[in-house]
Amino acid sequence: MDAELFPRERARIAPGAAHVPDWLPAGRQRELLAACRDWARPPAGLRTVRTPGGGTMTARQVCLGLHWGVVRACPACGRPVRDNPGCPGLHQYPYAYTPTAADGDGAPVKPFPGWLDEVARRAVADALGAEAVPGAPYDIALINFYDGAARMGMHRDSEERADAPVVSLSLGDSCVFRFGNTGTRTRPYTDVELRSGDLFVFGGPARAAYHGVPRVHPGTAPPWLGLAGRLNLTLRVSGL
Ligand SMILES: O=C(O)CCC(=O)C(=O)O
Ligand SMILES: [Fe+2]
């Protein structure tokens with residue numbers, strides 16, 4: 001992989017969606033990994049994510065800024081999630097952002113550091129151009145850890161109330177990242193290989209596209225990083 005003759009090229013995967021290979025230099029990857037290890041420690045550390053049907057996700061997760069997870073009651077009106085179509089406080093689907101790790105140890109979520117907002121703004125400018133950088137600061141990170149068997153089903157990132165681009169940074173093992181369309185979980189989609197240090201940004205007409213991780217390639221992390229598995233950070237503007 002590292003011995004490829006030509007560097008991998010950046011690509012527009014769809015209008016509003018861009019892949020920038022090797023965006024993070026090795027030193028920044030090491031620093032980001034060290035920060036992720038700190039964030040993954042309790043309280044409000046890495047947890048197994050519950051799904052609405054009573055199952056669990058295979059990727060484990062820690063959040064910064066606000067906690068993302070399944071809720072049983074609307075944080076705004078207190079009524080059962082599927083029973084509040086008129087309430088502006090919660091999306092119809094039973095995921096929401098809350099200030100504490102409600103489906104974990106219940107501790108307050110760790111703060112989103114200002115330097116991650118700077119990283120996100122640089123990422124959007126590099127990937128999509130300065131005009132795509134939002135006015136509001138990035139204030140949420142979802143950090144997913146994948147072991148060799150973990151994956152993530154096709155979904156949309158839809159609990160935010162802002163349409164700012166989502167910034168995705170990958171560390172460790174490479175994976176197949178499937179980037180689809182806004183209408184269905186199925187084709188048409190494009191499979192992109194995301195490797196350690198890669199940036200992927202999706203905003204504008206691609207902000208609501210379905211996407212997922214059908215496969216991680218175990219043992220493909222760069223040896224100098226010291227990570228067995230894959231970490232992905234998505235940086236978002238909550239609008240909340
Ligand atoms: O792991 C990835 O590359 C994607 C993660 C993702 O889609 C999410 O956290 O919503
Ligand atoms: Fe996502």
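Cβ from N, Cα, C; glycine included.
Under DSSP, D157 (Fe cation binding site) is assigned to coil, being neither helix nor strand in the three-state scheme. The annotation Fe cation binding site is assigned in TrEMBL to H155, D157, H211.
Here the domain 'Fe2OG dioxygenase' (137-239) is broken down by DSSP into helix, strand and coil counts: 6 helix, 45 strand, 52 coil. Annotation source TrEMBL lists domain 'Fe2OG dioxygenase' at 137-239.
Other Cβ atoms within 10 Å of the Cβ of H211 (Fe cation binding site) number 26 in total over all chains. With respect to Cβ neighbours within 10 Å, the binding-site residues H155, D157 differ, and H155 shows the lowest count. Highlighted in sequence order, M154, R156, S158, A209, Y210, G212 have their Cβ within 8 Å of the centre of the Cβ atoms of H155, D157, H211, the residues recorded for Fe cation, and are not part of that set.
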